[in-house]
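Copied over from Swiss-Prot:
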DISULFID  C2-C16  disulfide bond
DISULFID  C3-C17  disulfide bond
DISULFID  C8-C12  disulfide bond
MOD_RES   P4  4-hydroxyproline
MOD_RES   P5  4-hydroxyproline
MOD_RES   P10  4-hydroxyproline
MOD_RES   P15  4-hydroxyproline
Amino acid sequence: LCCPPQXCGPDCASPCC
């Protein structure tokens with residue numbers, strides 16, 4: 001999982017931006 005402030009990208013399970 002990758003959400004702000006971590007930001008989003010290909011390493012994220014879902015586009016939470």
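In case you wondered, yes, glycine gets a Cβ from its N, Cα and C as well.
By a simple count of nearby Cβ atoms, those within 10 Å, the most crowded of the modified residues P4, P10 is P4.
A distance of 11 Å separates the Cα atom of C12 (disulfide bond) from that of P4 (4-hydroxyproline). If you take the Cα of P4 (4-hydroxyproline) and the Cα of P10 (4-hydroxyproline), they are about 14 angstrom apart, rounded to a whole number.
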